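Taken verbatim from TrEMBL:
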- 12-34: transmembrane segment (TRANSMEM)
- 70-284: domain 'ABC transmembrane type-1' (DOMAIN)
- 73-93: transmembrane segment (TRANSMEM)
- 105-128: transmembrane segment (TRANSMEM)
- 155-178: transmembrane segment (TRANSMEM)
- 209-229: transmembrane segment (TRANSMEM)
- 265-288: transmembrane segment (TRANSMEM)
Amino acid sequence: MHREKRRRAKLTGWWFFGPFALVFIATVIVPLAYALGLSGFQDKFIGGLQFTGLGNYVKVLTDPALVAGLGRVILFMAIQVPIILLLALLTSIAIDSGKLHFSGLFRIGIFIPYAIPTVVAALMWGYLYGDQFGLVGQFFTGLGLPAPDLLSKDLAIPSMANISIWQFTGYNMLIFYAGLQSIPRELYEAAAIDGAGEFRKAWSIKLPALMPSVLLALFFSVIGGIQLFTEPSILQVLAPTTISNDYTPALYMYNLAVKSGQFEYAAAVAVFMGLVTIAGVLIVQIVLARRSRKALA
């Protein structure tokens, strides 16, 4: 009798887990295995598809276009990640303080850009950036000043970072705000009895409690930054001399596969960038873990 119940309990668990496992295998494991297998081949002009082992990966490590694109992505994250996390942190603390008028409208206003598709956001900002027809260009022209080219070689990455900051600050704000809501109110009451003001509460109670949420948002930001694709692919139409087909690793592997037909090498680039993403997340986690240990010591 007991064995029958245990068997049914196991089957019930598999009924719940089975659909997820099938979808996960079909959408993650199978494409990953296919990319790994494909990356070990090269399509030769004479002889067709040939197995070359790690040949594509050796080429990846010495590809100047990929290295340059990775450098642009790192610059993008260096600008975007600190600003977006700081703005999200400040806005979430301001809303949670209860002293902000019309906090509901403010929260909706901050979050609305996230509801806009990235393609639409990139198009909108791209036309705003136009030095001849855009709002920025018209503003400077109205002041009698030369309009800056915000899609030039020096300003293209900061301009893309601005799009991402505008769009994803609200998303990260909600992550932080949810973390703030989980803090026991008794801590605030005890701090108020001790005479702590809002700044002291934020520094001593809210910020330490938000570290898991900050870590989560940081992971998402790093992963999203490495995958930078939509903004350069849309803005390339407006700035073809600045944004090339290999401007970012994601754009590079897309053009390798779709436009050049180098599917095997594109698969190797994709696998390499996946490893870079994992390494980046692990480095961030290790650094933050060490800092938290030093703070507790």
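Even glycines carry a Cβ here, placed using N, Cα and C.
Because the structure is a prediction, the values reported are computed rather than measured.
In this chain, the transmembrane segment (73-93) touches the transmembrane segment (155-178); three or more CB pairs sit within less than 8 A of each other, excluding pairs fewer than 6 residues apart.
If you look at the transmembrane segment (73-93) against the transmembrane segment (209-229), you find at least three C-beta pairs under 8 angstroms, all six or more positions apart, and that counts as contact. Long-range Cβ contacts of the transmembrane segment (105-128) within its own chain (Cβ-Cβ under 8 Å, at least 6 residues beyond either end) map to 91, 95, 134-136, 151, 159, 162-163, 166-171, 173-174, 177, 230-231, 234-235, 237-238.
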